[in-house]
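In what follows, a single structure is set out as structure tokens and then discussed.
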Amino acid sequence: MSLFLFAIFQLALGSPGAPNGPNVPLQLTGVRRGLDHVQKLPSEAFSFKLFGKNLAEDGYYFTTATRCEDSHLSTVSTVRATVKESYCSYAILSVPEGLPFNVSTSVYHLCHKNATIYTQKFLVVHEKKAAAAKYMGDEIVFCFFCILMSAYASGMTLGYMKFSMIDLNTMLKIAEGDAAKKRVRRIMHFRRRSTQLVVTFSLFSSVFTVLFTTTCEKMLHGVSNEDVLKMAVPALICLIFAEMIPQAVCNSKFGFNLAASLWFVTVIIFFVTLPIAYPASLVLGRFLKRDVREVMTPEEKTCLLRSMAQNEREKTILENATTFTLKKVGQLMVPIEEVFMLSRSQKLNRSTVLTLVEKGYTRIPVYDNKNRSVIVGMLNMKNFNLLMVKTNLIDEPTVKEALHALELLKDRTVKFAVKYVNIEMNAHLLLNRMKTGDFHFACVVEYSAYDSKVVGIITIEDILEKLIGKIDEINELRVRSSIDDRGDNAVIGWCREAGSDKKYPLPFSQQLRILQHLLSECQVLKSLDIGIMKAKQILSLDRIRVGKKNDKLELHDLLLVIFEGTVLVTNEVETFERVIDVPSQRSSSTVNSQQHRQQTTDNSRSTPVPVLIIGKPLLNRLMKSLGSPFSEPLGPKDNVSELVVVSEEASYFKLRLEDLMNSINGCRKVDRNGHTTTGESLLQTLNSRASTSTSTTPACRTPLSVDARSQDETTPFMEKQE
């Protein structure tokens, strides 16, 4: 479109008919009113006719400077105006490329290269705002279609890739009905091509997002704040309707069913994008090697296992199981310097056996004399019964003799040979070997160029501890465990000291037989849950007495436990002589049972018995004082009226009611030095028994503690009576 402007240029210097020279400046003298300001669209070509006198043939331009003299500045935009026709009184100028309006440049002024003065009457061109385009129905439908396709590609990417192949296989196995299995198979068909699936949906979504953005920008052309809206509107629509909503829907419980139901749409998309997506997926597969969604780092596996575990123990087992196949024997073994071993020449005496029991090891390596690196055998603690059958431990055989005795046994269940494994062997392979039952113990050998040596040992427990954690046989959280530990330590200490201290007049085996016989004969003590160690406190050293020949022992309100000597017993039925002798040597259980039967059935009473208990009626008084319904069954033979020492000496324990009461209440406890201290009470057990439905026992009452010794007691053991 041509715009005609009427303007008059008058030369400041020069004659009216002469053309402008280089030294003759141009000055604007006036323009027609109402046409001094015009508007043009950005980059819109236009032309106009300029009237005047002595008009120049070139040198016209438009500039954004407020003065023509400043048009040479770098920050100023200048556009040259071309002279199409030039005459003496007018000229036709054109701007074929239009004026480049932008945010910072919205006004251009017409200037001439020889002009030095600018006035407001000079030609001014303003930017013209384009009219907003009318929305067409086809453009709106096309935008809706683009958003729908982009949303489908974005959501279905998550819908198909949400489950791994492991999850889909599990779902296929547990699915109920053919319809559910059919949906899983449809998902698995595309899930196996996960790389191509990701590339296809990404390409499809990107294409339709670009088409939507371009169409939306055309629809917003010419509106107010056009530049801002062209960026904000497409971005918000794509974010909300093409990303957030479809991904949220496909991530929910509906995503799986949608992906399985719209499988035919996915097939069409695969076919359309196949020429580009398939080669691109091959390139990605070439570099990634494996499924882009199936590869899990060790950290991801650890986090997954932690989320699956319900407690710390399960988490430890799962974490150890994932790394177990990478473990070597050398990482799980016990170094040879920390191993408890026996020398082949070492004797199996009392101290050694008690040390083995105290250590608690089930398998003891045996080395060759002083060289701990040469393992010649293994002593299994469970074979000690077989060892006692073959050898006599009282003779203190050496470890070599014990192993030789085990070797002579024909029973092949005795395994004393040692297996050797390489330090670089995989731990799971060794575990598979040990699970066969051939061996549960092995020596770890490290091989060098010219030599080899034993550097440690490994057991099946060491390997299992790596899987399930440390096997702690002592649970410190349970009170019962601490009680058992104290009891075990007390028994071991008792075994070490018995027979080696002057205050222990009997060997350990004889003491144990006395206590066992006491608990076997006195049933009321069992009702109080009195065990061996508590019975040992009752039969303490300060209660041992010695009677001389022809002495009549006091029987009134006393319980006598005679363990050595010969006595003459008189009861309501008969008078007989009884020999008491606790065997010092090991005897079989058959001999013990025969002696017990002879004690109760032999009328001649000539067979020695290990223990003779006199004064059982005192036990019934004890139970009555404690308020217990339990009592000792008594017969006429239990009421002894007279007891005379026949042998030169007779050793016995003398117990009064107060002694029994104090021991049961825990008021007195005798240590190894004979000192009395506070012990543990057993009345809680009695109270729990008395609260049963069959019990008619009144409320338990605890008598006051009474000193177990009095001034008129007989002379203690090893002292002569007056």
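Positions of Cβ are set from backbone N, Cα and C atoms, glycine also.
If you check Swiss-Prot, you get these features:
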type	residues	note
DOMAIN	333-396	domain 'CBS 1'
DOMAIN	413-473	domain 'CBS 2'
CARBOHYD	N102	N-linked glycosylation site
CARBOHYD	N114	N-linked glycosylation site
CARBOHYD	N320	N-linked glycosylation site
CARBOHYD	N349	N-linked glycosylation site
CARBOHYD	N371	N-linked glycosylation site
CARBOHYD	N639	N-linked glycosylation site
SIGNAL	1-17	signal peptide
TOPO_DOM	18-139	topological domain 'Extracellular'
TOPO_DOM	161-196	topological domain 'Cytoplasmic'
TOPO_DOM	218-227	topological domain 'Extracellular'
TOPO_DOM	249-257	topological domain 'Cytoplasmic'
TOPO_DOM	279-722	topological domain 'Extracellular'
Item to check | 10 Å Cα neighbourhood of N371 (N-linked glycosylation site): matching glycosylation sites from N102, N114, N320, N639 | outcome: none
Item to check | Chain residues in Cβ proximity to the topological domain 'Cytoplasmic' (161-196) (below 8 Å; excluding those fewer than six residues from its ends, i.e. six or more beyond) | outcome: 250-251, 255-257, 259-261, 263, 266, 270, 277-278, 281, 284-285, 288, 291-294
Checklist entry - Excluding the flanking five residues on each side, which residues at least 6 beyond the ends of the topological domain 'Cytoplasmic' (249-257) place their CB within less than 8 Å of a CB in that stretch? => result 155-156, 158-159, 162-163, 183, 187
Checklist entry - List, in sequence order, the same-chain residues at least six positions removed whose CB sits under 8 Å from that of N349 (N-linked glycosylation site)? => result E396
Checklist entry - Could you state the CA-to-CA distance between N639 (N-linked glycosylation site) and N320 (N-linked glycosylation site) to the nearest Å? => result 69
Item to check | Cβ neighbours of N102 (N-linked glycosylation site) where a neighbour is any other Cβ within 10 Å | outcome: 10
Checklist entry - Quick one: mean pLDDT on the topological domain 'Extracellular' (218-227)? => result 78
Next on the checklist: Roughly how many Å lie between the Cα atoms of N320 (N-linked glycosylation site) and N114 (N-linked glycosylation site), rounded to a whole value?
Outcome noted: 91
Checklist outcome for this item: By a three-class reduction of DSSP, N320 (N-linked glycosylation site) is assigned helix
Item to check | DSSP-assigned states of the topological domain 'Extracellular' (218-227) in counts, ordered helix, strand, coil | outcome: 4 helix, 0 strand, 6 coil
Item to check | Structural state census, the topological domain 'Cytoplasmic' (249-257) (DSSP three-state) | outcome: 7 helix, 0 strand, 2 coil
Item to check | Separation of alpha carbons, N102 (N-linked glycosylation site) and N114 (N-linked glycosylation site) (Å) | outcome: 28
Checklist outcome for this item: DSSP tally for the domain 'CBS 2' (413-473), helix/strand/coil in that order, comes to 18 helix, 20 strand, 23 coil
Checklist entry - When you measure from the Cβ of N114 (N-linked glycosylation site), how many other Cβ atoms are you left with inside 10 Å? => result 18
Checklist entry - Looking only at DSSP and grouping its letters into three states, which state does N371 (N-linked glycosylation site) belong to? => result strand
Checklist entry - Could you count the residues of the topological domain 'Cytoplasmic' (161-196) that DSSP puts in helix, in strand and in coil? => result 28 helix, 0 strand, 8 coil
